[in-house]
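Asker: Quick one: the structure is below, questions incoming.
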């Protein structure tokens, strides 16, 4: 069997559809998806197998990154750092741009990325044929910069094989780097954490999801059930009250939604215990971000 393998950084502005694309390619719910922009905070590896036209069995390891953006808050700086590191570590990059975005995001990406890349135009199912053609023509001025320009829709599964074929063509022959059926090397406790965060985005409005995070205090993995004890961290006491809700109605909804998603991903029953705490300025404190896994002591960039 001829094989290829390689790391591919998936880069884009917030809400370009990176996580939706990966979940569709995996046919599983691993990456955090929200209609709110900039939900992804940590890099995640997602492993997609693909047989290309030259009969290579390719193992494409996508690095799902936080959206490219610039803010002074320490948490946001950590998120940008992860995206930049992924670009440096990858063999190839895919820049995902919404058909509705202007070209500024791609131009910023060009100033940051030194690796060969594919430009993918997402959400084409939400635009007219004329709008898609117009956007493709706008990007053609940069045709000397990208390896290929691929219009696609993750929700409608349009042109996804074309994207994978293009990626596979530019990977080097190599033995596979991970086991055959592995979709991610993420620990289950980290996947569960992201599922809880996704539920916060699903049920809470305004700034609260952006000023909150999740700490897994205890994770007990048994044959038939996973037991998860977690804290939702917010910035203010007023936010804590909203997360809990009157008579606990909000926290119950968040918990039930998260637990059902966990059971689907983990393929077993899940016991979930959620607590809510207020910790002022947690997103600006290095010690707090270390505990949450955004900063590593050996590498604080």
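Residue numbering: from 1, along the chain as shown.
Each residue, glycine too, has its Cβ placed from N, Cα and C.
On a predicted model such as this, the values are computed, not experimentally measured, just so you know.
Just lifted these from Swiss-Prot, have a look:
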type    : residues              : note
BINDING : 12-19, 64-68, 122-125 : GTP binding site
DOMAIN  : 4-173                 : domain 'Era-type G'
DOMAIN  : 204-280               : domain 'KH type-2'
REGION  : 38-42                 : region 'G2'
REGION  : 122-125               : region 'G4'
Asker: Name the residues of the same chain, 6+ apart in sequence, whose Cβ is under 8 Å from the Cβ of residue 124 (GTP binding site)?
Answerer: 99, 132, 151, 152, 153, 158, 159
Asker: According to DSSP, collapsed to three classes, what secondary structure does residue 124 (GTP binding site) have?
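Answerer: DSSP call for residue 124 (GTP binding site): helix.
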Asker: So if I draw a 10 Å sphere around the Cβ of residue 18 (GTP binding site), how many other Cβ atoms end up inside it?
Answerer: 26
Asker: Take the Cβ of residue 65 (GTP binding site) and count every other Cβ within 10 Å, whichever protein chain it belongs to.
Answerer: 26
Asker: Per DSSP, how many helix, strand and coil residues does the domain 'KH type-2' (204-280) have?
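Answerer: DSSP classes over the domain 'KH type-2' (204-280) add up to 33 helix, 29 strand, 15 coil.
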Asker: Specify the count of other C-beta atoms within 10 Å of the C-beta of residue 12 (GTP binding site).
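Answerer: Residue 12 (GTP binding site): 25 neighbouring Cβ atoms within 10 Å.
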Asker: How would DSSP class residue 12 (GTP binding site) in three states?
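Answerer: It is in a strand.
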